[in-house]
């Protein structure tokens, strides 16, 4: 089974994250990317 994505790492879907939560965050460049909470 695939391992879960840790907090702060880019993610496609909530289910991919260890926290089961993937939300849009703004990075240092001002771009918005989905990362695990």
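Cβ coordinates are placed from backbone N, Cα and C, and glycine is handled just like the others.
Database features (Swiss-Prot):
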- 4-18: disulfide bond (DISULFID)
- 10: site 'Critical for insecticidal activity' (SITE)
- 11-22: disulfide bond (DISULFID)
- 17-36: disulfide bond (DISULFID)
- 27: site 'Critical for insecticidal activity' (SITE)
- 35: site 'Critical for insecticidal activity' (SITE)
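Around the Cβ of residue 10 (site 'Critical for insecticidal activity'), 13 further Cβ atoms fall within 10 Å across all displayed protein chains. Sequence-distant contacts of residue 18 (disulfide bond), defined as residues of its own chain at least six apart whose C-beta falls under 8 angstroms from its C-beta, comprise 4, 5, 6, 7, 36. Put simply, residue 17 (disulfide bond) is 9 Å from residue 10 (site 'Critical for insecticidal activity') when counted between their Cα atoms.
Closest in space to residue 35 (site 'Critical for insecticidal activity'), of the recorded positions given as 11, 17, 27, is 11, taking the CA atom of each residue. Residue density at residue 4 (disulfide bond): 15 other Cβ atoms are found within 10 A of its Cβ, drawing on all protein chains shown.
Here residue 17 (disulfide bond) is positioned 18 angstrom away from residue 27 (site 'Critical for insecticidal activity'), judged by their C-alpha atoms. Rounded to the nearest whole angstrom, the C-alpha distance between residue 11 (disulfide bond) and residue 17 (disulfide bond) is 7.
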